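Undergrad: Quick one: the structure is below, and I'll ask about it shortly.
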């Protein structure tokens, strides 16, 4: 026996459980650390590549700012609902044409939706929204304004947190429902029924259709995608600055933090990452077992 009660090396230790051995249960030999592996499969990030991906987060934050700015203009009577409706219509037509042009480059057999079907869906949504606008206008009459604003802020925050930034086309149900709920709350505080209809139509473009178009740009036109993200961020800061200088400063700080500082921290902290793998890891079945499921 060795000095610590461990048998001498004349009796070889084997890493098996089905036979008795003169070793303690927690005994390992010097070969134990020979199979140690560090940082296996670690992805190395490049700063500007991370900044580019973080641009999607920044532009979505700016989209919320643009929507709030439009609502403020309508509440103050500085923007007519007819103007917003015509601008939304023109933006929808231009965006649809661009989306179709980008889709035609990678169109598959499963993407056989026709223009007629798209037009019917749009007409159905606009008809229902216009018909229910008087109801939505009076939906929160019994709720205090402070409560409506608090709910709207909470729902917009939930939209930003739950938004599927990796695959935003289509937007996640939770993020989209939260954004539309906030839109209904804010639209119900506008002066008239047409204002409510225009605001909800704008919310559909910003929160439902715009992410789909932006995802197409990211896939098929990466250079233009970066420029669009920068333009949306500048528009969000400028629009919010026309209503609140403090809000524009806060938005600018948030954009700088999300798109520049956070990627820098991610890249810097990668060098301190230290994952170890070895014989103590859980066993992974490499064989394809799908044939047993049928």
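Including glycine, each Cβ sits where the backbone N, Cα and C put it.
Please treat TrEMBL annotations as automatic predictions, because they have not gone through curation.
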Undergrad: Between the candidate ranges 129-147, 148-166, where does TrEMBL place the transmembrane segment annotation?
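TA: The range carrying the transmembrane segment annotation in TrEMBL is 148-166.
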Undergrad: If TrEMBL is the reference, give me the range from 168-187, 248-267 marked as transmembrane segment.
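TA: Checking TrEMBL against the ranges 168-187, 248-267, the transmembrane segment one is 248-267.
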